[in-house]
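Here the structure is laid out as structure tokens; the discussion comes afterwards.
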């Protein structure tokens, strides 16, 4: 401690370089320093903004088209953001116009598909805007050899996880992958979640889904998330199930070298 420091140095201070978690914030008397308090308020504001940010489905559809992917823009039964937040049940189902759109698509393309990819804003459209395309790029690279047929990417406004079950059932999809913005945390306003379901249908519980969470640069890399998803998909096709009876036992032979702020190692073990 010196004349410029009102409190002794925190011995945990060095760990701050190894994790984005709020540790070793310091103190001024019995309170947080001004800088730490302002950082907390800023992170809280970012989380609130992420929840209420509008889903730019048109922009995402255009970007998908530029990469050769068709898309369908649908809407859940929740008419607006306020209703979506107040009525989670409505976010799990499609509205009537969207149901009609999917039925017409299924009639024009009979026989079903192996995979339906659904993208919904969830509680963080920011996560969807930032991470959907990079993840799908890595997924396509790794899945090319499997030869699965897929439906157009379905973009659902005001959607929750279970809406993918209805999408998959209407399209006759053997599997669904839901990409959705996770509830923002105070250090992660842009975390993307992935939910995989085999044999989707309306009414399934979370026990029938597998989750891969925290897909973002500071969390799970796009390539690693795609690797884990493909393991689940291949095992699901072999065993004809998903959820609690299907464990992620994918082997990881090497760490990826992606431009990522996550390459800091485990803060408990230090850098390797």
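Each residue, glycine too, has its Cβ placed from N, Cα and C.
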The adenosylcob(III)alamin site in Swiss-Prot includes 182, 211. Which of 154, 156, 161, 163 is also listed there?
161
Per 10 Å Cβ neighbour count, which of the binding-site residues 161, 211 ranks highest?
161
Around the adenosylcob(III)alamin site recorded as 161, 182, 211, what other same-chain residues have a C-beta within 8 angstroms of the site's C-beta center?
122, 178, 180, 193, 194, 195, 213
